[in-house]
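Student: Got a structure for you, questions after.
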Amino acid sequence: MTRKVAIYGKGGIGKSTTTQNTAAALAYFHDKKVFTHGCDPKADSTRLILGGKPEETLMDMVRDKGAEKITNDDVIKKGFLDIQCVESGGPEPGVGCAGRGVITAIDLMEENGAYTDDLDFVFFDDLGDVVCGGFAMPIRDGKAQEVYIVASGEMMAIYAANNICKGLVKYAKQSAVGLGGIICNSRKVDGERESVEEFTAAIGTKMIHFVPRDNIVQKAEFNKKTVTEFAPEENQAKEYGELARKIIENDEFVIPKPLTMDQLEDMVVKYGIAD
């Protein structure tokens with residue numbers, strides 16, 4: 001059965017990098033068949049897998065051809081180890097609603113049977129916090145059953161993760177979606193592992209993996225590749241392989257218990273995150 005996973009987190013935290021490196025590790029180290037659906041108007045959710053951004057997004061094609069004329073072959077691109085990729089894209093700058101574009105794109109992919117039964121994983125790489133109904137669609141309408149939040153030990157990353165948990169609580173009962181854990185994408189701040197572990201325990205989940213900071217990630221990105229494709233022998237590739245393994249084996253999905261603002265402030269003060 002295909003597992004459908006939504007990835008959320010604060011803007012700039014490294015969601016797309018983490019998602020693509022995890023997808024590559026699933027394919028390379030664990031022989032999994034993966035589909036990555038980018039739900040960000042920037043259309044940068046698949047560039048490391050494809051070796052560059054696609055020339056046209058799904059929404060570009062909808063505007064040019066009309067949704068009824070679009071086929072899977074038009075929009076699905078294959079990259080590293082045959083990982084399938086789609087970028088939703090968005091409206092023209094200053095016009096329309098990007099969240100609405102996500103809804104249109106996912107609906108169209110489902111209507112066209114893009115998420116085939118032979119896939120092991122479908123990833124939805126979502127824009128930032130759950131700030132509007134469109135970007136919340138993967139969890140709101142049950143498109144994804146599993147959610148992982150990318151965070152770090154930085155104050156705003158923790159705040160964003162807590163807000164995302166509030167959105168999960170709102171939609172969990174109607175869509176049967178659960179939080180699989182927090183992925184700590186390290187920024188090398190003081191007490192990072194401890195603060196994220198305390199936060200995850202407080203909201204009723206776990207830190208599924210601590211991804212260390214390593215310059216090899218940036219080197220791979222400069223070459224438009226995931227770490228696994230660029231340097232599979234490096235320790236960082238093995239870290240993503242371990243994260244992939246934990247996701248494969250994970251069977252604990254919860255409705256989180258978001259913290260109050262006072263509880264968050266207390267934790268921030270305790271770990272000096274606000275310094």
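In case you wondered, yes, glycine gets a Cβ from its N, Cα and C as well.
Annotations per Swiss-Prot:
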type    : residues                                              : note
BINDING : Gly9, Lys10, Gly11, Gly12, Ile13, Gly14, Lys15, Ser16 : ATP binding site
BINDING : Cys97, Cys132                                         : [4Fe-4S] cluster binding site
MOD_RES : Arg100                                                : ADP-ribosylarginine
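Show me how these features fit into the shown structure, please.
Tutor: Long-range Cβ proximity for Ser16 (ATP binding site), meaning a same-chain Cβ under 8 A and a gap of 6 or more residues, is found for Gly38, Asp40, Asp44, Ser45, Asp125.
In this view, Cys97 ([4Fe-4S] cluster binding site) is surrounded by 14 other Cβ atoms within 10 Å of its Cβ, with every protein chain counted.
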Student: Counting other CB atoms within 10 A of each CB, which of the binding-site residues Gly9, Gly11, Gly12, Gly14 comes out lowest?
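Tutor: Across Gly9, Gly11, Gly12, Gly14, these binding-site residues, the one with fewest Cβ atoms within 10 Å is Gly12.
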Student: Using Cα coordinates, what distance in whole Å links Gly11 (ATP binding site) and Cys97 ([4Fe-4S] cluster binding site)?
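Tutor: Between the alpha carbons of Gly11 (ATP binding site) and Cys97 ([4Fe-4S] cluster binding site) there are 18 Å.
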Student: For each of Lys10, Arg100, count the other CB atoms within 10 A of its CB; which of these recorded positions has the top count?
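Tutor: Of Lys10, Arg100, the one with the most crowded Cβ is Lys10.
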Student: Can you tell me the CA-to-CA distance separating Lys10 (ATP binding site) and Cys97 ([4Fe-4S] cluster binding site), as a whole number of Å?
Tutor: 20
